Amino acid sequence: MNTETTQDTTEAKLPGERLREARERLGLTQQTIAERLCLKITTVRDIEDGTTPADLAPTFLRGYIRSYAKLVHLPEDNLLPIMDKQAVPKAISVSPMQSFSLKKSRKKRDGWLMIITWLVVLVVLGLTGAWWWQNHQAQQAEINSMVDHASSMQSQTEGQSVPLMDNSAPQETSTAGSAATPPSTPVDLSATIAATPSTPPSSTTASSAAPSSQSPSQANATQSQAAGNALLGAGAVAPAATVADSNPVSAAHALVMTFTADCWLEVTDVSGKKLFSGMQRNGSTLNLDGQSPYQLKIGAPAAVQIKFQGKPVDLSRFVRSSQVARLTLTAE
């Protein structure tokens, strides 16, 4: 009777308690057991306390207990069944099985995302096109208003009467005056001949060689004619010199425009005077000479080639943007 009670009490003890008692009977410490079994002292303590480490698999735990039992001379066949009875089964977490509907819903979500993306792209493209169309319409309206203004100004100019001057009477008076001037003004014949080297020497020699065959009135007429020719020669030389002097000034402000298509144009000089405002046809050339800097407005920059002071003017930036060209040309 006492033997059965002792066996039941022994079996009721946990494997860890039995291992601890056996270790104490042998006079061993936990550190000694850990060193002999090559375990951590915390693992030995958990085995004796009956605590299963969370990071330790049951298979390794059974192996550690078997080695511990052999070390303290306990039958391992009695410890392992007790451990299996008292072990608490772990709850196995089973992941829910994914159905095919999840993949289908993901595809559906991706489809909606693509639709929204394409809608955003289409809205951006539409806004860009609307912005470009508004700018194009504004430019066309501005060009049309400029053309209408130029046409109205041209019609007003054509409607005004321009008086015509009759230059025949002044020419006759001038001719008569020039003819009457030599007799009233004494002219030195020798000085006149010296001032006009273009007069042929033969005529002078012939006139001086035969003085006896001319009357005094004829001699006076000859002298008057020679003096008139000298004055006309001097008058012809003076304007030529004036034109030659004025050419550098004109070249410094010369503006030449050649048109390859119909184009509206407006040119204003530094004083605010409009040198030109209207349409120019294909193949025409416009030469302007005023006071720089010039203010230019060109409706179709691609249809005009500009030279200022003999140098071409670059209009490529206006041609690329298809805008009305507004630029200022300043003399160097």
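Here the Cβ of each residue, glycine as well, is placed from N, Cα and C on the backbone.
Sequence-remote contacts of a segment are chain residues at least 6 beyond its ends whose Cβ falls under 8 Å from one of its Cβ atoms, and for the DNA-binding region (30-49) they are 15-17, 19-20, 23, 56, 61, 64-65, 67-68, 71. Marked as DNA-binding region by Swiss-Prot: 30-49.
According to Swiss-Prot, the feature compositional bias 'Polar residues' maps to 151-160 (among others).
Feature annotation from Swiss-Prot assigns compositional bias 'Polar residues' to 168-182 (among others).
Annotation comment: Swiss-Prot describes 190-225 as compositional bias 'Low complexity'.
Annotation comment: Swiss-Prot describes 19-71 as domain 'HTH cro/C1-type', evidence class sequence analysis.
Here Swiss-Prot flags 149-225 as region 'Disordered'.
If you look up Swiss-Prot, you'll see 1-111 marked as topological domain 'Cytoplasmic', on the strength of sequence analysis.
The topological domain 'Periplasmic' annotation in Swiss-Prot covers 133-332, and the record cites sequence analysis as its basis.
For 112-132, the entry in Swiss-Prot reads transmembrane segment, with the evidence type sequence analysis. Sequence-remote contacts of a segment are chain residues at least 6 beyond its ends whose Cβ falls under 8 Å from one of its Cβ atoms, and the transmembrane segment (112-132) has none.
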* On the DSSP side of things, how many residues of the domain 'HTH cro/C1-type' (19-71) fall into helix, strand and coil, could you say? => 39 helix, 0 strand, 14 coil
